[in-house]
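Student: Here's a structure for you.
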Amino acid sequence: MTGPVPLQSDGETYLLPERIADLTGLGEFGIAGESIAALLGAALVGTLMLTMTAVAGPWAKRKITAAFTDRIAVNRIGPFGLFIIVADAVRLISKELIVPENADRPAYDLAPIVVAGSAMLGFAVIPMGSGIQLADPEVGVVYLFAVSGIASIGLVMAGYASANKYSLMGGLRAVAQNVAYEIPLVVTGMSVVIFAGTLQLSEIVAVQAEPLIELGGVALPSWYAFVNPFAFGLFIAANLAEVGRNPFDTPEAPTEIVAGYQTEYSSVYFVLIYLGEFLHIFLGGAIIATLFLGGPAGPGPAALGIVWYIVKIWAVFLLTQWFRSALPRVRIDQLIEIGWKGMLVLSFANLVLTAILVGAIA
Amino acid sequence: MSTELERTVPVTEEAELERLVGDRALSTDDHKNAPAFVVRPDAVQDVLFDLRDEAGFDHLSCVTAQQYEDRYETIYHLKKYDDPTQEVSVVVPTSTDEPVSQTAEPVYRSADWGEREAFDLVGIDYEGHPDPRRILLPETWQGHPLDLSYDQDKPQLVTLAEHANPLQEDHRDAETDTMFLNIGPHHPATHGVLHVKTVLDGETVADVEPDIGYLHRCEEQMCEQGTYRHQIMPYPDRWDYTANMPNEWAYARAAEDLADLEVPDYAQVLRTMGCELSRMAGHFLALGTFALDVFGDFTAIFQYAFRDRELAQDILEDLTGQRMMYNYFRLGGVAWDVPEPREEFFEKTRDFLDGLPTKVEEYDDLLTGNEVFQIRCVDTGILEPEIAKQYGCTGPVARGSGIDYDLRRDDPYGYYPELEWDVVTEDGKDNYSRVLVRMQEVEQSAKIVEQCIDLLEEWPEDDREIQSNVPRTLKPDPGTETYKAVENAKGELGIYIRADGTDTPGRFKIRSPCFHNLSTLAEMSQGEYVPDLVASLGSLDVILGEVDR
């Protein structure tokens with residue numbers, strides 16, 4: 001079995017902090033050195049993800065939406081308008097930070113950090129290929145769902161602390177929606193765990209590398225998207241609701257409740273919330289890639305893993321933008337109804353069937 | 001002609017009306033469009049009830065108020081939904097010292113807003129009115145601008161203490177668990193500056209009250225200061241600024257009726273073509289912004305709608321030299337013929353029309369055929385036809401509730417009676433029906449434009465008369481009054497003009513279809529969710545420039 005992360009001689013996965021420690025010789029300084037190595041590794045992964053969201057936020061989203069709507073979008077500053085990212089960063093940071101008079105601080109100030117931070121935490125356990133994985137706990141899947149769920153708290157904090165009725169409604173909608181869709185999301189994720197027989201993400205990725213069927217000399221890997229496309233579809237739908245994208249973007253719903261929980265945020269706080277949203281889309285993409293699309297697996301040498309990983313999460317991002325341009329938003333009550341009456345039932349059915357199937361094969 | 005309405009409605013003869021009103025009529029008057037009965041201020045409801053229930057005048061089209069040297073006057077312009085050519089006016093004079101008149105609100109709900117406006121601008125009090133507040137001007141306004149004694153130069157100073165900020169009031173109520181929410185005046189879904197006072201019970205709408213007037217630009221007064229011949233025509237373009245040209249026709253029709261002007265056939269064809277192109281542009285915008293409300297973002301469908309609107313605007317630009325404020329109509333004709341070379345113009349227009357079926361398919365795929373769109377729109381924002389009639393709804397809003405009412409066919413003008421087209425109605429009464437009506441009206445308009453192009457192409461060159469002979473200075477006889485309406489993109493746009501012997505109107509009143517359509521918002525959205533309220537507002541397609549004038 002060849003995992004996404006090179007193995008050490010004792011069979012343990014060789015994680016990024018350890019490699020940094022070995023490469024730089026920090027390992028010799030004991031616990032302190034290892035901590036510094038871990039920080040360096042985290043900084044590397046964080047920078048990678050933030051760079052991608054920074055590109056996605058101001059530039060890619062405009063370009064993609066423009067392509068869907070017969071327009072050109074930014075093209076004046078730099079090649080393909082890429083330097084708009086710099087202009088946007090300057091613009092957003094230099095704006096005045098307006099805090100509502102009755103805002104409930106420090107909840108109001110903490111909320112953007114919670115929203116953005118919870119997504120960053122998730123990336124700690126994702127095997128990104130090319131040997132990049134910060135940690136690989138045995139309960140990786142549980143950890144992943146747990147930290148991405150923290151975002152809901154941030155949204156409620158933002159909605160409640162802003163002292164704005166629209167924000168409050170947005171915050172309440174966000175909670176109702178996340179509760180309704182988190183369960184199908186986790187339950188569907190569990191069906192993958194049953195298949196793989198492990199909660200460890202590196203293992204789940206490794207299991208998917210096995211060939212499913214041979215077609216004319218080309219081996220189709222047993223990615224769970226191929227093994228159980230039904231669960232894959234369910235997971236994508238639940239994930240859309242989880243990250244609050246169309247057709248499930250009710251917590252923001254600009255035409256109804258202005259911008260929901262983020263109505264009162266400006267300047268850097270707004271950037272953080274915006275960033276948090278994009279990080280969550282990317283984290284959703286990373287979870288989908290890891291659980292269903294074989295993680296960093298792809299043609300070519302294993303060193304290309306990180307490239308395939310990035311391609312996959314961008315594919316998920318593209319999908320969310322496609323939905324955004326094409327689908328109307330469902331109403332909040334309809335959304336909750338779909339969640340509790342439809343998705344929940346389907347996800348449990350999928351779980352039971354998977355369990356029976358796996359049991360029968362075993 | 002497929003468009004001829006089968007007149008099954010019995011015509012109420014004037015003698016019959018006289019018998020019905022009886023001795024409650026102080027005298028009769030003769031408006032150019034209809035017989036008028038002058039009644040006492042305390043007999044208003046009596047007379048109106050009889051006219052509505054006995055004679056079938058179920059449409060209070062307009063409430064006009066004005067002041068003469070010796071009296072105030074309220075005019076109720078009544079019509080029948082089944083046959084709008086049958087009209088009657090009820091004139092209610094009141095004394096200058098004590099301008100109090102009985103309210104017509106119990107008879108027609110549309111009198112609610114109509115009389116509020118009359119009170120606001122002219123200063124007549126309506127006894128028994130359930131909500132006697134100003135409607136267009138702020139509560140703190142001093143005086144009534146259309147009152148003859150009103151001093152325009154007096155500054156409207158409002159002290160800080162007096163200054164009521166409607167958004168600042170504390171609406172907390174310990175007894176109830178509802179929440180008061182201001183939607184607007186600045187909100188992404190209000191399509192302009194509209195303030196909707198909303199009371200919410202959770203996400204359910206318990207009460208709604210549209211607060212209008214933010215875009216009031218004294219259009220009526222400006223028209224009263226302009227000369228008939230040239231100075232008024234630019235204003236109508238500024239009312240419904242998404243489908244401008246049909247508005248020009250409203251003024252043209254009223255003024256031409258007032259001064260007995262003829263319009264050459266060729267000009268009528270040009271007018272008809274221009275108006276239908278403009279209607280298409282307006283409907284594209286309506287579809288796009290409605291999609292914006294329901295989809296929630298500037299999505300593909302919004303941009304598609306704008307792309308198609310752009311094509312229609314390009315053609316109108318070629319025709320009139322302007323993209324929005326066309327000022328193309330002249331009394332007795334139009335400003336100019338189609339641009340040279342004519343073939344190029346016709347070809348461009350044909351290309352646009354030929355491309356339309358594919359685009360309509362696109363709309364069907366993305367919009368009306370979309371299941372998510374359907375669950376959002378079907379059976380939301382229900383507007384029962386009886387209620388729609390009570391509020392004086394017209395246009396696609398009325399036709400979406402199954403009311404078969406279109407002035408282009410029912411009160412024919414221009415070249416419409418000579419052309420083949422259909423009035424579109426839908427029976428769903430919901431947001432979805434209103435969208436369907438607009439989609440199909442785009443196709444019908446295309447049909448009309450196509451026929452106009454054919455006509456213009458074959459029109460003999462020596463007979464292309466675009467303007468009849470109209471005196472340089474128009475001074476209709478003093479005391480002449482008329483009320484004429486046309487079907488603009490939003491519904492029945494009526495103009496009342498009273499001539500006072502000068503070259504400017506004595507009174508110029510605009511009956512705005514959006515004004516009446518908007519007044520139904522509460523009926524449509526009470527008990528529904530906030531997103532439905534937003535969708536309903538979008539499906540009404542109100543243009544605040546026309547609501548507030």
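Glycine is no exception: its Cβ is also placed from the backbone N, Cα and C atoms.
As annotated in TrEMBL:
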type     : residues  : note
TRANSMEM : A:36-60   : transmembrane segment
TRANSMEM : A:72-90   : transmembrane segment
TRANSMEM : A:110-129 : transmembrane segment
TRANSMEM : A:141-163 : transmembrane segment
TRANSMEM : A:223-241 : transmembrane segment
TRANSMEM : A:268-294 : transmembrane segment
TRANSMEM : A:306-323 : transmembrane segment
TRANSMEM : A:343-361 : transmembrane segment
Student: Do at least three C-beta pairs under 8 angstroms join the transmembrane segment (A:36-60) to the transmembrane segment (A:343-361), pairs 6 or more apart in sequence?
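Tutor: Counting Cβ pairs under 8 Å, fewer than 3, so no.
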Student: Hey, which of A:72-90, A:223-241, A:268-294, A:343-361 has the most Cβ-Cβ pairs under 8 Å against the transmembrane segment (A:110-129)?
Tutor: A:268-294
Student: At an 8 Å Cβ cut-off, counting only pairs 6 or more apart in sequence, do the transmembrane segment (A:141-163) and the transmembrane segment (A:268-294) clear the bar of 3 or more pairs?
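Tutor: They do touch: at least three Cβ pairs between the two stretches lie under 8 Å.
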Student: Take the transmembrane segment (A:343-361) and find every residue of the same chain, 6 or more past its ends, with a Cβ under 8 Å from one of its Cβ atoms.
Tutor: 180-181, 183-185, 187-188, 190-191, 194-195, 228, 230-231, 234, 237-238
